[in-house]
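Database features (TrEMBL):
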BINDING   C447, C450, C487, C490  Zn(2+) 1 binding site
BINDING   C456, C459, C474, C477  Zn(2+) 2 binding site
DOMAIN    222-388  domain 'Helicase ATP-binding'
DOMAIN    458-640  domain 'Helicase C-terminal'
Amino acid sequence: MAKLQSGSELIFRVAIALPVYRLFDYLAPYNIEMTAIKPGIRLEVPFGNAKKIAFLVECVQHSNIDISKLKRVERILDEKPLLSTKDLALLHWASRYYHHPLGEVFSAAFPVALRQGKSAVIQTEKRYALTELGKALASEQLKRSPKQKSVLEKFQAHPNSLSEAELSAWNQNWRSAVKQLMDKQLLQLVAAAPGINSREPIIRNSALHCNPQQQAAIDVVSDSLGQFGVFLLEGVTGSGKTEVYMQIIRTVLERGQQVLVLLPEITLTPQLEERFRQRFTVSIAISHSKLTDRQRTRAWLNLQSGECSILLGTRSALFTPLKKPGLIILDEEHDASFKQQEGFRFSARDVAVVRAKLLNIPVLLGSATPALESLHNVDNKRYRLLHLPERAGNATAPVLQLLDIRNKRMQEGLSEALVAEMRKTLAKNEQVLLFLNRRGFAPTLICHGCGWVARCRRCDANLVIHQDEGILRCHHCGQEQRLIRQCPACRTGELTPLGLGTERVEKVLAELFADKTIVRLDRDSTQRKGALENYLQRINQGEVDIILGTQMLAKGHHFPNVTLVAILDVDSGLFSIDFHAPEKLAQMIVQVSGRAGRAEKPGRVIMQTRQPEHPLLTTLISQGYSCFARTALAERKDASLPPFSYQALLRVQAADAEMPKLFLDAVVKLAQEHSKGHTHILGPVAAPMARRAGFYRYQLLFQSSKRPELHALLDVLMPKIEKLKQANKVRWSLDVDPVDLY
Ligand code: ADP
Ligand code: ZN
Ligand code: ZN
């Protein structure tokens, strides 16, 4: 760009994180060197009475707004853009594809501190390592100060150094103990771990000897480094996917490139981090929402500058800039948490594929239960399937069984046959895992006298009984009230809990298995920081006999001594109105069963059901997930449902009961004017939960057999929707490729 001529004003067109589609024009700052001005730099601009951070989109000569009305950019925050041209292109693509305002998309790509305009300079952090003395000391000698002992053990488990951030991610209270250990000359300050430019060896301990299927997968992906390609690694739990990842990562690191690894769950990062640190000497960064802003900013900048070679993170880490990108891995690619469910509703899997294409690198998607979309992409040759059909090492696959509980005596959800099986397993000193995807004591409180039910005042939902806390709580809006003893309607009837939650099952387990140790893992029992880690540790050390939990258990955790898994109520998943439900149920069953018999001991999975002939269950058990997936895909095809068609869901809510429908009626009218033959406009209909947190909710579904046509319609429609006269009276959001129709 040329130096600014006096007389003509140059205009900065910027994106600001606001829920509006338009961009904003500002006058360029005085006296700037235009050669240094590149799209993507952060700016500070006056906005109303405040200042806001903006992202430069382009410099233009003309504005549609009278130049005398334009305000001037106050400050330029970056000398050069923090994101590469390709990553900027990715954000533009995502904004267009998800029909989400560019400013908010930009904002999502940056850590909070940088969004707020803080400086993008890394504060150097201290690193600590053991001294010779510290390496030799038996940690038992510190047993009188447990904190120092645990810090020493942490270092002894990590023979190289640990940074402040890594220590904080492990345990927030490390500082005083580290200082005391330094005073005792057991720890010392050291220089940083090697980044991508280092010549240090990359591998610490050697890789496992792979079986032929693993080796084939490693070879295929390794041969494709340096070019775009999507690989779907389908392998049952324990088939050695992580080992495959690590051996490919090694090759990427040897090429001097970086790897981005995305996981569905924060709680899974420590396990994988541990395995990676055992294997690699390079610097590894972690990024997820439980870290502080400072920690996340540092991880982001360390990847951007090349200080770190591997980033392990959740969905939001997807946009982290990489100095030398080599590979993106998404583990458990089927997991719904890769889809952001509020605000900028992107699919981390789909955006990762687009990002890899722009960067010209491969993406590796791994799962025991691939998403139907991904299998469909294998069928139409967009993804390449790599298969690990067997468990690695000596582990054998668990046996799945249905337990018909029709007309059987049940005690709080446990059949006598199941209890007997549990006793047998426990007698062998093996662990039992029970899965029930409902927390709380019971989902409903009902009056035995008059039928009154405790409802949430703000939602179309029942209040859930939380007996331990003595409250009734709405799981949709969080509203709470004291657990009542008397029916407010008839004042005489007895209030009875209806249905089962984990709390209730825990109580009956404590009676039936009085001499056993039981642990309940759900969102309520693991709220306290460190609680989950503590439970997992106790389980792995064999201190726990029975593990009871919700979907938290379905993901990734290794419980090597569990040999019996029981799904207490598989039927509740069979009757959802959402067409995604069978897929999610099948994935859940297979994932939960993956927890059984991971080591040498074979595992069993028992599913209690009143639908023993249900085709989903029988197909899954007799023919496995792949067969189930084939059948489910055929059904989707017959019904013209995704992935054989494309959807976008417009959700609307308002405090006023009429407004959402009025608004959507107006949208339908607009849409019909612009729609071509292949796009169906379904609705408006009341949302499955028609009222939530006091808001009335409606939705409108767009579905098309042709993706470009759907998007062409949304392209014209969305900016017009924003200007409808009802638009200010409702809150609305568009969900492209929704995974949940609620
Ligand atoms: P996944 O990620 O598919 O669940 P992992 O990579 O965690 O599988 O492997 C499961 C277990 O099998 C781990 O304990 C791992 O060390 C072991 N393992 C993986 N590959 C091999 C192999 N080729 N030979 C022996 N053991 C293996
Ligand atoms: Zn009553
Ligand atoms: Zn509620």
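Cβ coordinates come from backbone N, Cα and C, glycine included.
Note: TrEMBL annotation is automatic and uncurated.
Here the features listed in TrEMBL are placed on the structure.
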residue	record	CB count, 10 Å
C447	Zn(2+) 1 binding site	20
C450	Zn(2+) 1 binding site	12
C456	Zn(2+) 2 binding site	24
C459	Zn(2+) 2 binding site	21
C474	Zn(2+) 2 binding site	21
C477	Zn(2+) 2 binding site	17
C487	Zn(2+) 1 binding site	20
C490	Zn(2+) 1 binding site	13
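Cα to Cα, C474 (Zn(2+) 2 binding site) and C447 (Zn(2+) 1 binding site) are separated by 18 Å. Rounded to the nearest whole angstrom, the C-alpha distance between C459 (Zn(2+) 2 binding site) and C490 (Zn(2+) 1 binding site) is 23. Each residue in R457, R458, A461, L463, H475, H476, G478, Q479, R692, A693 lies on the same chain as C456, C459, C474, C477 and has a C-beta within 8 Å of the C-beta centroid of that Zn(2+) 2 site, without being one of the site residues. Residues C447, C450, C487, C490, taken from the binding-site residues C447, C450, C477, C487, C490, are distinguished by a CB atom under 6 angstroms from ligand 2. A Cα-Cα distance of 19 Å separates C456 (Zn(2+) 2 binding site) from C490 (Zn(2+) 1 binding site). Checking the binding-site residues C447, C450, C456, C474, C487, C490 against ligand 3, the ones with a C-beta less than 6 Å from an atom of that molecule are C456, C474.
When averaged over the domain 'Helicase ATP-binding' (222-388), pLDDT in the model lands at 94.
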